[in-house]
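K.L.:
The following block contains the structure, expressed as structure tokens.
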Amino acid sequence: MEDFVRQCFNPMIVELAEKAMKEYGEDLKIETNKFAAICTHLEVCFMYSDFHFINEQGESIIVEPEDPNALLKHRFEIIEGRDRTMAWTVVNSICNTTGAEKPKFLPDLYDYKENRFIEIGVTRREVHIYYLEKANKIKSEKTHIHIFSFTGEEMATKADYTLDEESRARIKTRLFTIRQEMASRGLWDSFRQSERGEETIEERFEITGTMRRLADQSLPPNFSCLENFRAYVDGFEPNGYIEGKLSQMSKEVNARIEPFLKTTPRPIRLPDGPPCFQRSKFLLMDSLKLSIEDPSHEGEGIPLYDAIKCMRTFFGWKEPSVVKPHGKGINPNYLLSWKQVLAELQDIESEEKIPRTKNMKKTSQLKWALGENMAPEKVDFDDCKDIIDLKQYDSDEPELRSLSSWIQNEFNKACELTDSIWIELDEIGEDVAPIEHIASMRRNYFTAEVSHCRATEYIMKGVYINTALLNASCAAMDDFQLIPMISKCRTKEGRRKTNLYGFIIKGRSHLRNDTDVVNFVSMEFSLTDPRLEPHKWEKYCVLEIGDMLLRSAIGQVSRPMFLYVRTNGTSKIKMKWGMEMRRCLLQSLQQIESMIEAESSVKEKDMTKEFFENRSETWPIGESPKGVEEGSIGKVCRTLLAKSVFNSLYASPQLEGFSAESRKLLLIVQALRDNLEPGTFDLGGLYEAIEECLINDPWVLLNASWFNSFLTHALR
């Protein structure tokens, strides 16, 4: 246990715990569970205080560590962790300056916003019992009590939890992690059973006379004497307590806590129906680039100039024709829209000076494709509230779709390496403070593993498209602006390269609210024949626009070039998140860092170099019907990045719901694997909540399928 504590906790916390045990004459070599408990309590106190400040207006605010906070006052004064003399000096000073009542026992924190001392409790038992013990010991209504447990429960005075939900969730997650780490090392049972209650006067002395009578009178209802109450508390069974409480709430509620065994869970039911379709804002694995190397043309860097230069590299244009019509659209309009783009680009080239931006003529085909004048007129509610049959639009339930193999292929492709470099070394960004050697080393290793990854190309493509579209939406609200879809990269030899994927034409964009929609038509080059997987391209009209000569093992071959055209829409908030897709790099880097930290704590030294350079070692990547898939550390980096990127590309309410609900089932299964004997009630309700998120979204359906593979292998 001592080794675990030294690996698991910050050295400063370990040092403070050692001092505290020395001060109370306890041997940490013998009292190892107490050592762990003190460290945990210290860490919770520090996490409680972290990032919370009071601004100049006296309001409580949360500030992340990288923000400048020189003018801000810390919201909490930390008393726990100081030696007794210093701690009492701090308490006395607070009482003198704020007029707060001096507590009988040393509290853990002082809250300058609520002007109260706080006692933090961390328990391995039931929060209600521990709360009662704390309250009994302190006997002061002025000190606020906040109890956390290792199972994610909490209890606070008058249900006032002081902190925002996210800050408390950080603490609960950390406690859950400590518990899991202990369980995996076989230390949890001993630690859980070693907790002694708060020592109070009542426990040390036999109570007689008047005090005894008062104790008997002040018991909760249904208890005749103190002995009965003590016997009840000693034999308290939390599961039964929850059942009882629920049955009191309503006659309909009958929650029996059922043991969760290996045979309990069933697979998640995936919907039946036609196969799901591609719904990303731009093509992924099927996209085709027209590229120029070492661009040095006039106006290089201006999107329209770059686009025209890229278009000139291709000579195989031909009369376009529809090869896969859109089921519900007016397909000739899509064809005319592409012809209009070609014609207007031709017009630009004949001008003396190419303009920086191009607004398309408002032709009938573009008006149709962009939904111009299609939105129903908005009427003020007061003008029509007297209409008897006033009602909202009838909206059809979305049609259920089944999982299709193309989305797994898309994901596999996103994990692959390309022959281009998509991010520079500093793309993730330097730290403001002098960066530690280990942190920069990790970042450089990680960047090297993902810089060639196709998921990284999707990030840069997404950032560019969303930035360009948001800029155009604000700068040219009434215009049908032509926006080239461009990305920049380097070849393996380090030469710069500019790529054109196609074009977007933006519709009217008077975006007042974050969720107001701007319509756009996307036109993207591809070599994929849509007739191979027509269900994937349900929302597209696909044209054949040229023939491309490709080098192959047998010489040059000619392949038809297609243009995937569709009407789409997005909003300010979606574009804002799209512009920030680089965050995916950071998220996956942090996940890799936590793997390195876990390895380093076991080996008691930094394992960054070995982690990335030991090419013989394989790591678990994910579950498939075959079992646990393993791969190199580079493959792990790229898989984690691809997951993060797909979460961004396919963000939806279905994904939010599925992630939140399936996580609950995941935690229960993890608890079972850790031999924590979990119990559940209304497991059917949890499955219902998970399955109502499985409607038609390809990424959610794929995640559900992966979850089923995990269930199969986790419970063998």
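Residue numbers in this text run from 1 along the chain shown.
Including glycine, each Cβ sits where the backbone N, Cα and C put it.
Given the structure is predicted, the values throughout are model-derived calculations rather than measurements.
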K.L.:
Of the candidates Asp50, Asp108, Asp111, which one does Swiss-Prot list alongside His41, Glu119, Ile120 as binding Mn(2+) 1?
P.N.:
Asp108
K.L.:
At the level of the C-alpha atoms, what whole-angstrom distance separates Ile120 (Mn(2+) 1 binding site) and Glu80 (Mn(2+) 2 binding site)?
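P.N.:
Cα-Cα distance, Ile120 (Mn(2+) 1 binding site) to Glu80 (Mn(2+) 2 binding site): 9 Å.
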K.L.:
What is the interatomic distance between the Cα atoms of Asp108 (Mn(2+) 1 binding site) and Glu80 (Mn(2+) 2 binding site), given in whole Å?
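P.N.:
Glu80 (Mn(2+) 2 binding site) has its Cα 5 Å from the Cα of Asp108 (Mn(2+) 1 binding site).
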K.L.:
Give the number of CB atoms, excluding that of Asp108 (Mn(2+) 1 binding site) itself, located within 10 Å of its CB.
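P.N.:
Summing over all protein chains shown, Asp108 (Mn(2+) 1 binding site) has 24 other Cβ atoms within 10 Å.
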K.L.:
Any same-chain residues 6+ apart from Glu80 (Mn(2+) 2 binding site) with CB under 8 Å of its CB? Would you list them in sequence order, or say none?
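P.N.:
Set apart from Glu80 (Mn(2+) 2 binding site) by at least 6 residues yet with Cβ under 8 Å, we have His41, Leu42, Cys45, Ala87, Leu106, Asp108, Leu109, Ile120.
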K.L.:
Have a look around His41 (Mn(2+) 1 binding site) and count the other CB atoms within 10 A of its CB, chains all included.
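P.N.:
The answer is 20.
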K.L.:
Counting only residues 6+ away in sequence within the same chain, which have a CB under 8 Å from the CB of Glu119 (Mn(2+) 1 binding site)?
P.N.:
Phe105, Pro107, Asp108, Lys134, Ile138, Thr143, His144, Ile145, His146
K.L.:
Along the motif 'Nuclear localization signal 1 (NLS1)' (124-139), what average pLDDT does this model show?
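P.N.:
It averages 85.
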K.L.:
Through the lens of DSSP with three states only, how would you label Asp108 (Mn(2+) 1 binding site)?
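P.N.:
The residue in question, Asp108 (Mn(2+) 1 binding site), is coil (DSSP, three-state).
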K.L.:
Taking 10 A as the limit, how many CB atoms besides its own sit near the CB of Ile120 (Mn(2+) 1 binding site)?
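P.N.:
I get 22 for this one.
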